[in-house]
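S.K.: According to Swiss-Prot, the protein carries these features:
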BINDING   Phe26, Ala60, Leu61, Glu62, Cys84, Ile85, Ile86, Asn117  5-amino-6-(D-ribitylamino)uracil binding site
BINDING   Glu89, Thr90, Arg131  (2S)-2-hydroxy-3-oxobutyl phosphate binding site
ACT_SITE  His92  active site, proton donor
Amino acid sequence: MFGAEKGSTDKLDGRKFSIGIVQARFNESVTNALAEACKQELAALGVEEKNIKHVKVPGALEVPCALQAMAESDKYDALIALGCIIRGETYHFELVANESGSAVTRLALDYQLPIANAILTTENLAQAEARQIEKGRDAARVAVEMANLLDELA
């Protein structure tokens, strides 16, 4: 979007991976679209449906708690965080965006586990809807690419 260059990588292969997805329900029409695009892309990358665990939580602030439980289970090669935070009239937007983003990053580092963060932060619903499909796909690709990389580095 907006001329950003994502770069390219070798063909991604997710056949051997187990992926956990945590979806926030808040702004559910957007997060449902994120989840659907993400799961379709995971399938296209070879991740079997039986190797995808998808759970829902109330909102973006609850996503890290579920991610942590998944990380501690040691069942997943990568995790994906899905959510949508739309700016309102109060400081709550910044609080939720900053705290959820920071927690997701901390978990990835603490557990040495790839976590693709697709918690959208937008000014309005139209911006979220414009990003919901591509960002869902991106999250799947990031998870599989990073799982492959960490597997290679181990």
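The backbone N, Cα and C atoms fix where each Cβ goes, glycine too.
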S.K.: Quick check on the recorded positions: of His92, Arg131, whose CB has the lowest count of neighbouring CB atoms inside 10 Å?
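M.R.: Sparsest of the recorded positions His92, Arg131 by Cβ contacts within 10 Å: His92.
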S.K.: Given the binding-site residues Leu61, Cys84, which one is most crowded in terms of C-beta atoms within 10 angstroms?
M.R.: Cys84
S.K.: Return the residue, from the listed binding-site residues Glu62, Glu89, with the maximum count of other C-beta atoms within 10 angstroms of its C-beta.
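M.R.: Of the binding-site residues Glu62, Glu89, the most buried by Cβ count within 10 Å is Glu62.
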S.K.: Calculate the distance in Å between the alpha carbons (Cα) of the residue listed as 'active site, proton donor' and Ile85 (5-amino-6-(D-ribitylamino)uracil binding site), and round it to a whole number.
M.R.: 10
S.K.: Among Thr90, Asn117, all listed as binding-site residues, which has the most CB atoms within 10 Å of its CB?
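M.R.: Top count of Cβ atoms within 10 Å goes to Asn117.
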S.K.: These are the binding-site residues: Ala60, Ile85, Ile86. Which one scores highest on other Cβ atoms within 10 Å?
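M.R.: Of Ala60, Ile85, Ile86, the one with the most crowded Cβ is Ala60.
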S.K.: Compare the C-alpha of Asn117 (5-amino-6-(D-ribitylamino)uracil binding site) with the C-alpha of each of the binding-site residues Glu89, Thr90, Arg131, and give the closest one.
M.R.: Arg131
